[in-house]
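Here is the structure we will look at.
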Amino acid sequence: MATPAAPRTISFADNNDNQPNQQQRGRGRNPKPRPAPNNTVSWYTGLTQHGKNPLAFPPGQGVPLNANSTTAQNAGYWRRQDRKINTGNGVKQLAPRWFFYYTGTGPEANLPFRSVKDGIVWVYEEGATDAPSVFGTRNPANDAAIVCQFAPGTLIPKNFHIEGTGGNSQSSSRASSNSRNSSRSNSRGGRSTSNSRGTSPVSHGVGSAESLAALPLLLDLQKRLADLESGKSKQPKVVTKKDAAAAKNKMRHKRVATKGFNVTQAFGLRGPGPLQGNFGDMNYNKFGTEDPRWPQMAELAPSASAFMSMSQFKLTHQSNDDKGDPIYFLSYSGAIKLDPKNPNYKKWLELLEANIDAYKTFPKKERKPKTTEDGAVVASSSASQMEDVDAKPQRKPKSRVAGSITMRSGSSPALQDVTFDSEA
């Protein structure tokens, strides 16, 4: 299918799939497709809201499955459609319906990505971009609505029903009717030519060349979904000594903590010191960015631009190295406003309360003193909090604190008021 130069839109109008039979008998083998309606129609069946709670998805969830899309394309918005009916006793409000549209398509095609507007809920997959989508307008006269499906693990809001599944016989019957019409058209020897504008999320026609070409992709998608449900989606990653050494050789503030290179290995023990971090419970310290809560945690982290533009910086001369060259530390501080109107506001507070200063509750781990052959006791030395820092501040006598971690009780006065530090 030819791709227009300009981004295409998915049309959604009143999202009503009750169209007359597009294939009428006696019109030849290749009936002319009906033109697309003026209004836009979603590619997917909608979500019916049966309660007062608004639609909301956790970050990284809420985009319907699409066999023809890439991760970068999986972003868009859900739009609320308020409904009412005139009765003998006046106007009666019906349950609202929500329909999905890709970014840059549908009734809100000109709405910038993640713009705040009543009745609009933005969703995206991790790694998606804010570029307008290439998926075009669906012509309901030629294409049946795709029953909305989500990736395993997606948390569908309470009191929301996916149309076309379960007891929604009306939507299911419409989809079945359109499917029979398409099959009847192909059985007469012709292939239904879609008049939908732009790329379709699915291939058209039963047994068509497009369907056969997409079959391996659909089978692969089915296998991936089955693997996700069975927990076999990822092979265990083996971290070799070479990989660990390479990760450790990175500058401290450029490292990424994972299960194979955990938070303590990457950034040191949690604690109150000026060169220590105080964020992270036992689970986060073990898994790092592989913690299931990481997507919500990452939303609180500023971007590189925000970090450089919102922070108060201070350059401090700490000491000199063996060659006499000065060693500097770049100290920074700042603040992030937590918006109570954000749907993840309560989740953020839960995460912060569970992870800030969580090291104070870590279980104590006693160390057995080493003994020599003559029975003398040798005190064991603790690991440095900053193995990659060549020169360290002058220390006062070491003392034991919670968690049996040997901490520095004193440091350079210039760093006493700094919460986090990074090497310049």
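The backbone N, Cα and C atoms fix where each Cβ goes, and this holds for glycine too.
Owing to the predicted nature of the structure, the values given are computational and were not obtained by experimental measurement.
Residues or ranges marked as region 'Disordered' by Swiss-Prot: 1-41, 159-207, 230-251, 365-424. According to Swiss-Prot, the feature compositional bias 'Low complexity' maps to 13-25, 168-200. Marked as region 'RNA-binding' by Swiss-Prot on the basis of sequence analysis: 33-175. What Swiss-Prot records for 39-164 is domain 'CoV N NTD'. The RNA binding site annotation in Swiss-Prot covers Arg83, Arg97, Arg138, and the record cites similarity to another entry as its basis. If you look up Swiss-Prot, you'll see 240-363 marked as domain 'CoV N CTD', on the strength of sequence analysis. The region 'Dimerization' annotation in Swiss-Prot covers 251-360 and is backed by sequence analysis. Taken from Swiss-Prot, the feature phosphothreonine covers Thr406.
In the region 'Dimerization' (251-360), helix, strand and coil residues by DSSP number 43 helix, 19 strand, 48 coil. If you count neighbouring Cβ atoms within 10 Å for each of the binding-site residues Arg83, Arg97, Arg138, the highest count belongs to Arg138. Counted over all residue pairs in Arg83, Arg97, Arg138, the record's binders of RNA, the longest Cα to Cα distance measures 22 angstrom. Arg83 (RNA binding site) carries a strand DSSP state (E or B). Model confidence over the region 'RNA-binding' (33-175) is summarised by a mean pLDDT of 83.
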